[in-house]
Amino acid sequence: MMDMKENDQKRNDMMDMKSHDERKNLNSSQGKNEITFPKVLDPKKDNNGYKSYTLKAQKGKTEFYKGNFSNTLGYNGNLLGPTLKLKKGDKVKIKLVNNLDENTTFHWHGLEIDGKVDGGPSQVIKPGKEKTIKFEVKQEAATLWYHPHPSPNTAKQVYNGLSGLLYIEDDKKNNYPSNYGKNDLPIIIQDKTFVSKKLNYTKTKDEDGTQGDTVLVNGKVDPKLTTKEGKIRLRLLNGSNARDLNLKLSNNQSFEYIASEGGHLEKTKKLKEINLAPSARKEIVIDLSKMKEDKVNLVDNDETVILPIINKEKSTNKDTTPKVDKKIKLEGMDDNVTINGKKFDPNRIDFTQKVNRKETWEIENVKDKMSGMKHPFHIHGTQFKVLSVDGKKPSEDMRGKKDVISLEPGQKAKIEVVFKNTGTYMFHCHILEHEDNGMMGQIKVTK
């Protein structure tokens, strides 16, 4: 029978296990930095029909944050590595060069090849040394990757940047997007922690799996993706050391799941969420043309933004309004309120307009140092049409003829204004106290 000390120890051990299973908080991407895509490494063809490549593991410097350079590792560059594109039946020769200060290997994750060239811990390449491997590609289309596998330094070397993608390309015609870097997009997701805005694996290492608080996509912090494409194919790689990812779209839109680690599914599936374990790959196709919005977020666990996706085609095509004829700036709070920097003067005419002339007015609720407040803007003697709000088509409840539009601080609207009668008319904020405090102007409509 266990004594109390043994029970306490067992309880403590269980608590330790529980704490190690908990996910470290991951901060959302702020969408500040446009992601780029790894270059495709072009092969040389030798006389024996081999596609010939050279990969160098090397040290580098990477500016994750402006003015702050981190010591990183990369293949043929400062961080990450180029994409290799192969096809079933290809004969491949790769010269592997170790320009690091420590042992490394080159492991071909998911590639079905002879164990002698798999790149496991027993196939070490020492600092300053190189070796050449050969193999034939015998498997179907898939998204694979390569990374170091030296014992006991795999985690450190991957965390510091040694990762790259290897495609076995589609060998049959399908309708999947296939233009690399345009609509066929490699997406390497990783999480890291920065100490004083610099990468430092030693200070953040966790023996039960190092998880970071900062998301990176293709080596960019605060990543975003801007595209004009209607459909995009994301080749997702969870390149994190330890973090599981549960990915979905923030608008709850479904996507087409087309491939797993081993290649294309026999039958694609419509899903709204997928799980990516560390090292896993999955391919999905997102139809951005079905979105009402011009932006959607790829999120983890319903909340953490991994990658904001901006549909440039939607956002650039929405504001097709004509040139602006008049500008109205609503400013202030309390009794310090103005239109175009002026308080109402009954002896002043602020604007003129011809009767039956169609004009475009731009109404802006200026956001000041105090943040401002919502202002409902009203025009006497006419009903106007809302053309756009912040450059986008107005919401359904703003359709139809209107004589008042309410704008939040910082919002800007364009409206179409036609007067059918002549005379002098007021325009003003319809918070009545603001109107009384001078947030009002006059327009004279003439023949």
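Any Cβ shown, glycine's included, is placed from N, Cα and C.
Residues or ranges marked as region 'Disordered' by Swiss-Prot: 1-43.
According to Swiss-Prot, the compositional bias 'Basic and acidic residues' annotation covers 1-25.
What Swiss-Prot records for H107, H378 is Cu cation 1 binding site, and it gives similarity to another entry as the kind of evidence. Annotation note: H378 (Cu cation 1 binding site) sits in a strand segment as assigned by DSSP.
For H109, H147, H430, the entry in Swiss-Prot reads Cu cation 2 binding site, with the evidence type similarity to another entry. If you draw a 10 Å sphere around the CB of H109 (Cu cation 2 binding site), it holds 18 other CB atoms from the protein chains shown.
Around H380 (Cu cation 3 binding site), the same-chain residues six or more apart in sequence whose CB sits under 8 Å from its CB are Y425, M426, F427, listed in sequence order. Annotation comment: Swiss-Prot describes H149, H380, H428 as Cu cation 3 binding site, evidence class similarity to another entry.
Feature annotation from Swiss-Prot assigns Cu cation 4 binding site to H375, C429, H434, M439. In the three-state DSSP scheme, C429 (Cu cation 4 binding site) falls into the strand class.
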Among H147, H375, H378, which are binding-site residues, the residue with the most C-beta atoms within 10 angstroms of its C-beta: H375
Query: Where does H434 (Cu cation 4 binding site) sit in the DSSP three-state scheme?
result: helix
Query: In angstrom units, rounded to an integer, how far apart are the Cα atoms of H434 (Cu cation 4 binding site) and H107 (Cu cation 1 binding site)?
result: 70
Task: State the Cα to Cα distance, in Å, between M439 (Cu cation 4 binding site) and H147 (Cu cation 2 binding site), rounded to an integer.
output: 65
- prompt: Which of the binding-site residues H375, H378, H428, C429 has its Cα closest in space to the Cα of H109 (Cu cation 2 binding site)?
  reply: H375
Residue pair H147 (Cu cation 2 binding site), H375 (Cu cation 4 binding site) - Cα distance, angstrom, rounded: 57
Task: Restricting to the same chain and to sequence separations of six or more, state which residues have a Cβ under 8 Å from that of H428 (Cu cation 3 binding site).
output: I339, F344, F377, H378, H434, E435, M439, M440, G441
